[in-house]
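For reference, TrEMBL has these:
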BINDING   Cys511, Cys514, Cys551, Cys554  Zn(2+) 1 binding site
BINDING   Cys520, Cys523, Cys538, Cys541  Zn(2+) 2 binding site
DOMAIN    283-449  domain 'Helicase ATP-binding'
DOMAIN    546-700  domain 'Helicase C-terminal'
Amino acid sequence: MAIVAKVIVDVPTMQTDRPFDYLVPARLEDALQAGMRVWVQFGKGARKVSGMVVSVSDQSDYDGQLKPLLDVLDPAPVLDHELLKLSKWLAQTTYSFWIACMQTMLPTMLKIDAVKVAEPVKLTADEQQKYFGTADSLAIGSLNAEQQVAVMKLAQAGKVAISYLKKDRARVKKIFYLIPQLSLEQAAAEREHVRKNAAKQLKLLTLIGEWAANNQHPALMTVEHQYGLTKPVINQAVEKGWLKLEGHETYRDPYPELQHQPLTKPLPLTPEQQTIVTQINAAVAERDPKTFLLEGVTGSGKTEIYLQVIARVLAAGQTALMLVPEIALTPQMVNRVKGRFGTHVAVMHSGLSDGEKYDEWRRIARGEAQVVVGARSAAFAPLKNIGVFIMDEEHETSYKQDSAPRYHARDVLLKRAQIHHAPVVLGSATPSLESRARAEKGVYTLLRLPHRINDQPLPPVHIVDMREAFAHGAQEDFSGPLLDALRIRLQRQEQSVLLLNRRGYSSFVMCRDCGYVAKCPNCDISLTLHMDTHTLKCHYCGHEEPIPHRCPNCGSDKIRYYGTGTQKVEAKLQQLLPDARILRMDVDTTRRKGGHARILDAFGDHQADILLGTQMIAKGLDFPDVTLVGVIDADTALGLPDFRASEKTFQLLTQVSGRAGRADKPGEVFVQTFNPDHYAIQYAKRQDYEGFFRQEMAIRHRGNYPPYFYSTKIAVSHVDETQAAKAIFSLAKELREHLSDQVIMLGPTPGPIARLKNRYIYQIVLKYKHEPALAATLQHILEETQQSSRHGFLVAIDPEPLAFV
Ligand code: ADP
Ligand code: ZN
Ligand code: ZN
């Protein structure tokens, strides 16, 4: 009986979203399972492509001659049954290609690179000799420029064929050990046969004798370092049969410094915490996939609750998945989880190298790590038998991916919770309106922690009206009251945190004579200044150019830097407070691996008085000697054309205020603003989430915004602006024909950035309460545009977009 593999091939098109059948050769029959990556032939040109087996069957629905499956890449499935199913669900709910979803779920190292190769078709003997010699193919990337041109000419003449071979990137790290093959006596005897001036070999023989006598197998790396014996010397010894090299697979450990730390003990819970832990534990025990919304003020002990729930789950032989926002995945958070559960923990976030990510992923897949703490993509961690899902800071927008597949990690957890029959805990001091509204309706169970641990008061928040402050001679970004408060902290040797509510490098270059602003040649957006590299960069397409000394427009040399980046604020602050030791934390100072940790360690170590930073300092930091938090510009987000502007402002102010007065010393917060009466700022001053929630809900209700309405954004792009505009209008027409008249359509309008990477963007936003025909209509539109994608159209569908414009 023939065995057939159903394979999703790595050729992202609509057509390939359904599996193709391949005949499994007898030699692979036993090994092959669903969830393994394979090589197959695809299409007319017998192109070799990779693919994923989604099922194995003994029959085919295809009447023609089946092509054989060529090879299997994995010894074991890389996607288990649950994750395969999840990948299909992800493709459907985010309108993405199935293969793209599978790849999103796997570490980068399991992606496959294409290598361009040339193969002879009809070459003269001379040409064969000149280009290929005895080889039957050439990797084009390995040729020099001249040779490449020559080979491409041969290709144009039909003399060689160009194809793409694909290469698996997965690399396992091995540590090699030296196994002596001589006894002490044999090694001594062997020394007699070695030339007297071959010092290294003599030394090695002595060592081999010692290792043999003590039954030691030293690591190659140690031997190289300790005795200065190089690879060639050791290889020679292996050839002579003195030694054997034995490779052992090993994991790259992203946190070696945490390896030998003693584990922390669970804290005795407060009665408030205990009630909550009891409720969550009950749901875990009953395998009840319900969702809890844990609304707890900053410093109320939410993290301790997560840790104790996880401990219970582990004791029951299950596993736990905990998500935290990338930005909060500071060493402090990793420390708390690793500090409690040690080697049971795997960490997944973008700060790890590809190799480290692959190894953490394998430790999880093999069941060697039972607790995963990670950022968004860790939602797909290959844990089995998950007992609880936790999402800290559930309101964070970084949980939504803004490129395809446009998934929200919260939805992924809720879906997996159903499959694993396990509860989800969403935690935040400032829950998203969507989640809080669901709790209001009883869809989620609301758990509240209104008090800080030990009844520490929340710090008082002072609002500083910057309009008045300027009238009283405020120095640029610093009002009198904030400066006074900073000076007091310096005297008392306490620490302060200052938040600059804008991207760290928001400065740009402008000509004072003609107003010229340097713009990206590919995108409709100004270039931003990076002082560390002395260049202007586009944050969208990566374009980079030197800072001009003369205006390219009018030739004037009055070209100046504008905007207040963190660097500029730091310089000003240093001038105002010459004695203060300031640490700056922004994208520029944290770009390198470990940059984050270095700055936080230094601050924790009291090497600085003031930590000045962007949003990244607002989350999760816990420093006992911080008694002052200052927000330099609370308004930045309020000015954005985004219906969530107030929500984001409220969240940020509340989060950052929570950094003050976390230990026994009371804290204080200063918020500088030009809109002191804005309700988001007023509720943040009172740290009144519930009050903010009610007022904001009323506003959303009046404006027909989420969470009262669902929303979907549809964008079309094309290099030709007229084509893009035409396409969006015909799309709008098609949508109106298929959808009910309850749907509210915003647009068509140009995208918020009208041109990106040389493509013009037009968009529509749909708002609706109940629209059963929507999914099918959008799917149909995608299928249609698949055909037109050959004419250069791209359609992007974003379910529940985080911004409308
Ligand atoms: P959150 O995550 O809500 O901001 P944390 O879990 O970080 O709060 O707790 C705030 C501080 O209180 C931390 O320093 C933590 O160690 C401490 N803490 C938490 N729970 C307890 C407890 N039951 N007893 C004593 N200290 C606690
Ligand atoms: Zn650009
Ligand atoms: Zn100019």
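Cβ coordinates come from backbone N, Cα and C, glycine included.
What TrEMBL annotates, mapped onto the structure for a quick look.
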residue : record                : CB count, 10 Å
Cys511  : Zn(2+) 1 binding site : 21
Cys514  : Zn(2+) 1 binding site : 13
Cys520  : Zn(2+) 2 binding site : 25
Cys523  : Zn(2+) 2 binding site : 20
Cys538  : Zn(2+) 2 binding site : 21
Cys541  : Zn(2+) 2 binding site : 15
Cys551  : Zn(2+) 1 binding site : 20
Cys554  : Zn(2+) 1 binding site : 13
- Given Cys514 (Zn(2+) 1 binding site) and Cys520 (Zn(2+) 2 binding site), what distance in Å do their CA atoms have, once rounded to a whole number? 18
- Taking the binding-site residues Cys511, Cys514, Cys551, Cys554, which residues show a Cβ-atom distance to ligand 2 below 6 Å? none
- Query: Just the number: how many Å between the Cα atoms of Cys541 (Zn(2+) 2 binding site) and Cys551 (Zn(2+) 1 binding site)?
  - Reply: 23
- Can you figure out which of Cys520, Cys523, Cys538 (the binding-site residues) comes closest in space to Cys551 (Zn(2+) 1 binding site), comparing Cα atoms? Cys520
- Query: If one measures from the C-alpha of Cys520 (Zn(2+) 2 binding site) to the C-alpha of Cys511 (Zn(2+) 1 binding site), what distance in angstrom results, rounded to a whole number?
  - Reply: 16
- Message: With an 8 Å cut-off on Cβ distance to the Cys511, Cys514, Cys551, Cys554 Cβ center, who else from the chain surrounds the Zn(2+) 1 site?
- Response: Arg512, Asp513, Gly515, Tyr516, Pro552, Asn553, Gly555, Ser556, Lys558, Ile559
- Item | Model confidence over the domain 'Helicase C-terminal' (546-700) (mean pLDDT, whole number) | 84
- Item | Distance from Cys538 (Zn(2+) 2 binding site) back to Cys554 (Zn(2+) 1 binding site), taken between C-alpha atoms, in Å | 22
- Message: Quick check: in three-state DSSP terms, what is Cys511 (Zn(2+) 1 binding site)?
- Response: strand
- Determine, for the Zn(2+) 2 site, the additional residues of the same chain whose CB lies within 8 Å of the mean position of the CB atoms of Cys520, Cys523, Cys538, Cys541; present them in sequence order. Pro521, Asn522, Ile525, Leu527, His539, Tyr540, Gly542, His543, Leu756, Lys757
- Query: Taking the binding-site residues Cys511, Cys514, Cys520, which residues show a Cβ-atom distance to ligand 3 below 6 Å?
  - Reply: Cys511, Cys514
